[in-house]
Amino acid sequence: MSGQVVLLGLILLRVMVCECLQFLDSPASLTSMEGTGTRLPCQFRLQGEEQVVQVTWSRMRPGGAEEHIIMAHITEGTKEFPGFVDHVQFENVTPLHDCTLLIRNSKESDEAKYTCHISTFPSGNFEKRIQLTVWMVPIASVEPVTLTEGNTFQVAATCRAVGRPKPQVAWDTDVPGQSQAKTIEGGKVILTFSVHPLRNMNGRPLDCLVSHPALKEPKRVRNNLNVQYPPNAVITGYSEEWHVGKTGAGLRCEGGGNPKAQHFTWTRDGGALPSGASAEGPRLVFKWPLNLTDSGLYECVATNVVGSSKTEVAVVLPGTAKAGSPAAIFGDNQMFVIVGVVAGALVVVMVIVVFVVRHHHRRKNRRLKRALSQKTIEMDNLSRHASIRRLNSAQSEHYGLRPESVMQKSLASLDGSVLTGEWTVDGRPDSVSRPGIYPVSRSERGSRRNGQMDMKTRQKVEAYLRNSQASMDSGLHRDQSPPSLSLSSGIVRDGEMEGLTVEGCRQRADTMEEEEEETDGALNRNQLKKVMSSHFQNRNGTMELKPRPHDIVLHPKGYVI
């Protein structure tokens, strides 16, 4: 009976409390997203003269103890407990009237059951509990795998997703394959997709779809399959309309493959390309008009990192060219025609050069011959004139007649010279300005031999005169008949010394001089005739040089040519 009374008292007290304090807008649970702010409402209404003394927030983690978060006292003010400083705060500046709690940056660790505890006077304590759930928006990514054609069954892509609560992951693709999921603690999900690699799978979509309560619709992570395979070479550009003489022709090797072919090799009939073709990567360009020699089987090898592929095309050119094309003009032997034209041009240039050089040498030789001919004529003329002058001088030498006064002076000088021994050899005046004993023409001989003979003759005459003078002075008189002097021997006989006077000696000296000059003239004429017969010939009364003369005839008296 007593127990029933106590229970009835508690019920009445509870009714009285409810009437004294009433909570407003008080949900039992809330959900918040990680990384965002969270609001935990705790508003109330007092009845009568009730007064709030203290407000306290605490939480209870699953399987843990109660933790005090923040407190507001009527006299002590607001206080944040360790571990929650700068993480939580009251929404109202007067928390004793509105004690709503704000969590600034929600985290996974904030997920718990929160309690708002209110102490009043005189009614006592009141509490309100709120369950907070913290969600995390899922994060997803796809890791593609590079496949190679021909490999075995293997993983093509992996999708990873993490969130709270655990997200749902699926593949969206039409590629046949196998999917496998794996869940890890903490809301992580790993999903893989495996296939048999084929080149037709390359580039096809393999998307990952992530579903989560925090998302209005599934999140799509796009991805495409990457399957590598060797090139599939194909030659394009050739047609049956190709003909001899076509310009701008070319072939192209379409490699294909994944990745694209980077290296191309061109050959013709398994060997080198023709001289007019040039390989430029995947293109083969014919720089010259097509010729019959350009026909053949052209091969292209395309290569990438996986492998290579070979293709070929047979180029057949008709034997005749279309009208108006270059080949119709040059014919099938276009190359030979070009080479022939070049060779002909070179020959023409060489002929011109030879002609110019020969013409130059001919002009030079003509000049030399002309100069030589002039020199030869001049030499012939000089030789002829000299010879003629020599002949004239040899046949008739004309000496000017000296006046009697000059002759007397010369005889007077002869006396002085005989007596004093002063003779002039070359006809110049002596020490007293007297003319020489010999005529002026005597100096024109210019011969050393004749001068020596003159000196000897003079010495003999002077000796003869001295002996004659000595004989007369001593009184030894001999035969006075004039002696005869011999010019050839130059010796005066003893019988000729008698009767010789000074005047006779003078006459004898003059006679000897004239005989000596006639002898010299005859000797010179004989020598000149001998020389003239060696170098000249008489033809029709005219003196002509003999063929190819090499000597120049000079007069013994010193003619200057």
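Glycine residues also receive a Cβ, built from the backbone N, Cα and C atoms like all the rest.
Note that TrEMBL annotation is computational and uncurated.
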Region 'Disordered' per TrEMBL - which of 251-270, 471-490: 471-490
For the transmembrane segment (335-357), distant same-chain residues with Cβ under 8 A (at least six beyond the ends): 291, 293
Stretch-averaged pLDDT - the domain 'Ig-like' (138-222): 93
Three-state composition of the domain 'Ig-like' (231-316), taking helix and strand from DSSP: 3 helix, 40 strand, 43 coil
